[in-house]
Amino acid sequence: MPTIQQLVRKGRESFADKSKSPALNSCPQRRGVCVRVYTTTPKKPNSAMRKVARVRLTNSKEVNAYIPGEGHNLQEHSIVLVRGGRVKDLPGVRYHIVRGTLDTAGVNGRTQRRSKYGAKRPKPGQAPAAKGKK
């Protein structure tokens, strides 16, 4: 344990917080190109086919990014906008793709939380879009 005199001379060393999305280089979002679009399964208690894309960012780093919402139009060479935010049950996926920007279409038929999924406001008086897959 240091003496008060040692603390006066040297002080305590403070540790800087580590970034949770280091590939973005302190930027809120980054543009990138899809290298591979695929599905993967989540960790143990959960079961699904989660849609994920491998994206090469403009700073030439490659990351795995989650594609939120139901259905998407992404394929290889699509230009996407990537934001931070991990997916808890997918190890190694620490980024999200922003829906409704660049080559990524918004989610069709979405009426609630539309801004999160890039969905346009439905016309007033219009019948709600059909739910489910046909």
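Just so it is clear, glycine is given a Cβ too, placed from its N, Cα and C backbone atoms.
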According to Swiss-Prot, which listed range is region 'Disordered': 1-26, 27-52?
1-26
Nonlocal residues around D89 (3-methylthioaspartic acid), in sequence order (Cβ under 8 Å, 6 or more apart):
P42, K43, N46, R50
